[in-house]
Amino acid sequence: MANTNKLIWVFAAMLLVAGTLSGIAWYNDRENSLTEAVVVYPEPRPLRDIVLRDADDEAFTERRFAGSWSLVFVGYTFCPDICPTTLADLARIYPELKQLSDRVQVVFVSVDPGRDTPERLKAYTAYFHPEFVAVTAGHEALMPAVQQLGLIYGIHERETSDYLVDHSASIALVNPEGRLHASFRPGFDEQSQVPMVNGDELVRDFARILKHWER
């Protein structure tokens with residue numbers, strides 16, 4: 001009986017490794033290859049205990065990711081460069097993303113809850129696209145949610161009202177099962193002179209990720 005159980009576990013491990021290697025091999029194929037700017041996780045990580053509020057003051061939990069491909073970007077409305085540039089580029093490529101999948105949503109997570117009121121967040125994201133979702137929360141709920149997405153932020157000393165917030169420039173991709181599926185990493189954009197994700201590369205990589213997901 002013990003030997004049988006051992007064989008079962010060995011066989012299960014072999015299947016897991018084979019599945020992972022199969023996925024890697026698929027993405028390494030020339031037709032389906034990804035750019036160096038994206039990291040796809042071999043085992044997408046489930047998101048748990050997300051407790052945020054959207055710009056309509058409605059609860060935004062991990063359940064709001066279910067059924068959609070979610071592109072999640074962290075920032076703040078007073079951001080002078082990375083946030084408006086990235087959101088503008090996401091708005092530019094949004095029609096292409098929707099053509100690839102009608103289940104795409106863009107989620108902007110404000111990491112500056114002290115200044116970003118629901119009203120301000122709603123107006124800010126609507127400026128870029130009316131369908132973009134804005135969420136935030138107090139830092140005790142916000143920090144663990146951001147960390148689960150593989151992103152980070154940190155606030156400078158708030159001696160004045162015009163303080164800055166350091167934050168990731170990457171965009172997290174959450175799959176329809178509510179799992180962290182991939183991360184689109186930024187490069188240095190010569191035109192805007194800030195680090196940002198290349199929107200055109202994101203579209204190409206997303207198309208290949210979808211193709212792999214649906215095969």
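For all residues, glycine too, the Cβ spot is worked out from N, Cα and C.
What you are looking at is a predicted structure, and each value in this text was computed from that prediction instead of being measured.
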Problem - Candidate from HIS167, HIS181, HIS212 that TrEMBL assigns to the same Cu cation site as CYS79, CYS83 - result: HIS167
Handout entry: Surrounding CB atoms that lie within 10 Å of the CB of CYS83 (Cu cation binding site), all protein chains
Key = 24
Exercise for the section: Determine, from DSSP, whether CYS83 (Cu cation binding site) sits in helix, strand or coil. Expected result: helix
